[in-house]
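*Asks:* Here it is, the structure in full.
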Amino acid sequence: MPAESISADSVPDFRSTNRPVSRVAVLGATGSIGVAALDVIENLNRCDPDFAWEVSSMSGHSQIDPLIELAGGCHTPPKCVVVSDAEMEAQAAKALRTASTQTSSRLTERCRLDVGPDALVRAATENDVDVVVAAIVGRAGLESTLAAVHAGKRVALANKETLVVAGPVVTRAAANNGAQLLPVDSEHSAIFQCLAESRARQSQYATAKQSIQPESVRATDPPSSTTDSPAKTHWPGVRRLILTASGGPFRDWTTAQMREATIEQALAHPTWKMGAKITIDSASMMNKALEVIEAKWLFDVPADKIEVVVHPQSLIHSLVEFEDGSLIAQVSPPDMRIPIQYALTYPRRLPCPAPELDRSQAWDMSLCPADPDRFPALALGFEVARVGGTAGAVVNAANETAVDLFLHGQIRFTDIPEICRRTLLDHDHESSPTLERLLKLDVWARARARELAQI
């Protein structure tokens, strides 16, 4: 069957039916994830028999014209447009006024403008917002994502840096406030789906254990002990989580070749269309390093239960290995609309605008070990996942700084992981930091990385 996207005639149209509304705040709407999320929401509004879908608010940093155009293209215009760069307020206000008078835009004067970093927090915590798509790139997305968690929202988490920087703070807040953290990264979404059997076993185990205990014990003991190994307690029967990596544009390059890599070569990802920062992270495999740290916090597993393999075709998005040697993999086209939609509609599955896999052709799928010697960022990611504490915040800040320096032609590509490692070694590690301490270290690590780049 040839690959094709769903068409207007291929699924029922429920837009004329009376359905309860699911409202979404899309933070980082002008990025690749944000644009894909808006496409998914438009499609869901048509094909979801149970809910109508609306964008309650959307944000951008300084890309005013694309943001206003996206807002005007929504079937129901957002009630609020957020521009996090306060210096762009006048330009944004003018663009919004102009759009509200144009017949090509659905925006009206009722759409208000909110400006500045605090506006992101307000958008994420509005009472009528059901789901927050956290798609702001980098450390800048932390406060709004954490605010959504504290507000008990379902968070479709695309901003991996939130967990890298403040994993224990965020996961604790989610547990205390009843928030749902559902991954948008294709790898973590795949792991989440592959763990479905283990979640079912966990529920069955808890029920069975309760049924055989004396009534006096049932009243006082939880179904499972929190002192057990996390992988055993939370995921019965799971041996390890296996994240796949495309290998990026330098998958077959030597270290010497990568030392001379140009910006254009590093930005030429063979599979995914992404923003500049995440594309450079993919080239250095720092993106996979950050995903290892994210998986540690998201699934509450130790670093030695996580593995990375290279899969150039990007069809297998991740795997879970079980104690009996079985492997369950999630396979789908390399299209971010699939994990985005799953995070929005979980546990329901509905028609998605992404194309299907072409089953009329042979599927070429290969897996091979990742090479931490050629990609030292990957080894650094496992090290950070093992030690936890302040390490994630420091490495993330150093990496964001180093990537920016590389994109401006100030350092070599291979300097990126070295600057990250040296910044990590230069800081005084703390195992149980406060959020305030993590934010201070973020500032320190950025400054230190710049100093190291000049040495």
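Cβ coordinates are placed from backbone N, Cα and C, and glycine is handled just like the others.
Feature annotation from Swiss-Prot assigns NADPH binding site to THR30, GLY31, SER32, ILE33, GLN63, ASN159, GLU161, GLY275; the stated evidence is sequence analysis. Swiss-Prot lists LYS160, SER186, GLU187, SER246, HIS269, SER282, ASN287, LYS288, GLU291 with the feature 1-deoxy-D-xylulose 5-phosphate binding site. What Swiss-Prot records for ASP185, GLU187, GLU291 is Mn(2+) binding site. Per Swiss-Prot, region 'Disordered' is recorded for 205-233. Marked as compositional bias 'Polar residues' by Swiss-Prot: 205-214.
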*Asks:* On a simple 10 Å Cβ count over all chains shown, which one of the binding-site residues THR30, SER32, ASN159 is most densely packed?
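*Replies:* Result for the most crowded candidate: ASN159.
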*Asks:* Among all protein chains shown, how many Cβ atoms are found within 10 Å of the Cβ of GLU161 (NADPH binding site), not counting that one?
*Replies:* 25
*Asks:* Translate the DSSP assignment of GLU291 (1-deoxy-D-xylulose 5-phosphate binding site) into the three-state scheme.
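*Replies:* Reduced to three states, the DSSP call for GLU291 (1-deoxy-D-xylulose 5-phosphate binding site) is helix.
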*Asks:* Reported as an integer number of Å, what is the Cα distance between GLY31 (NADPH binding site) and GLU187 (1-deoxy-D-xylulose 5-phosphate binding site)?
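*Replies:* Just about 19 Å between their Cα atoms.
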*Asks:* If you count other CB atoms within 10 A of each CB, which of GLU187, GLU291 wins among these binding-site residues?
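*Replies:* Answer returned by the neighbour count: GLU291.
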*Asks:* Quick one: which of these binding-site residues, LYS160, ASP185, GLU187, HIS269, GLU291, have their CA within 10 A of SER32 (NADPH binding site)?
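*Replies:* Among LYS160, ASP185, GLU187, HIS269, GLU291, not one has a Cα sitting within 10 Å of that of SER32 (NADPH binding site).
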